[in-house]
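Per TrEMBL, these features apply:
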REGION    1-26  region 'Disordered'
BINDING   His44, Leu46, Gly71, Glu92, Asp120, Asn136  S-adenosyl-L-methionine binding site
DOMAIN    51-221  domain 'Ribosomal RNA adenine methylase transferase N-terminal'
REGION    298-324  region 'Disordered'
Amino acid sequence: MPKAAKASKKSGGGGNPYDRKGGGGGGKATNTNIFKFDKDFGQHILKNPGISDAIVDKAFLKPTDVVVEVGPGTGNITVRALEKAKKVIAIELDPRMGAEVTKRVQGTPLAKKLEVILGDVIKMPEMPPCDALISNTPYQISSPLIFKMLAMPNPPRVAVLMFQREFAKRLVARPGDALYSRLSVNVNFWATCKHIMKVGKQNFKPPPKVESDVVRIEPLVGSARPNIAFEEFDGLLRIAFNRKNKTLYAGFNQKEVLNMCERNYKVYCTLNNIPIDESLASAADLAAAGATNDAMDVEMDDDNEDNDNEENNDDDEAMEEDEDEDMPVFFKEQNDANAKDAKTPSKNPKSKVALIVKAKLNKVLTSTGLADKRARQCDQNDFLKLLLAFHEEGIHFS
């Protein structure tokens, strides 16, 4: 029995999943009124055939391509992809939808090219290997889906995905843009992103509360793929964007950041058999670090910076509170653990190691010329320059 048929049979067990008001039906046409859509699953079915065509067309599918579609719904995009690709693997959380998309092509030549997998794509150990990823993406898994794709050993050639408009704008934001964030830097570090089209809420059934956009993402592969640990790069970005309108000097001189860096530096020295003493930093640097250890807190910086941006502070802080939602579980666990440890106050904040670490942090910020720059003004090269300089000083963020 084909896998698609198995999925359909499985989803049909235990009663009728469709809640029909009338009798039977079958056929190839899909009646989107046959059951109540579950908004908890982000079920807003794309009903405009022109947009379904455009999503598939922008993937530039080849006859040899294997396509993964996340959240196929009733199959409006699925059928179009099946007509152009070798195979479509549809991953669906709702068994009713899995049965519906299977029935959509039942008895046609397209049925042999369709495989339906029932389950949560984010909780799957691995996403099936594919050449292209397409999705009318449930908004609550937008960021985890992107990072799960980018974390694949061999990511797809292209992804054409529909997102909530504000999220899509954050993906393609550039330095200086209001929505430029940690998400913007991370995604564009591992892939290239391009805005494709706007999609109004009237194109869905039921209509969502927000507008949508379609984005094309092309993951970097081979030699173009950065040879940097994601956790390390993101660890630096988390600090930099904690308050993106404050200077990097202020961000990296927060007590919690200093405590985390001190702890990581001790581990680094232990692993590399480096003795920890005051000779690791110049006397002048240590003296400067000690003199400012109590005085240079973020509160002092708060009183003097960004008067020209005060009108945007509320929006920025709301966006920053959102940042943790951008991180999928499989990347977030380590970061959460680091953050928890960083909140543990140092027993001796004025120890020699603490002064050494503070001196090293400020040395890097000054030597790179980025101490007075804000995260929202920095591009990928700036962050890479910082990360390399920190690593040369033995400072790590994961």
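Just so you know, glycine gets a Cβ as well, placed from its N, Cα and C.
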Spatial neighbours of Asp120 (S-adenosyl-L-methionine binding site) that are distant in sequence (at least 6 apart) but have CB under 8 A: Leu93
Arithmetic mean of per-residue pLDDT over the domain 'Ribosomal RNA adenine methylase transferase N-terminal' (51-221): 95
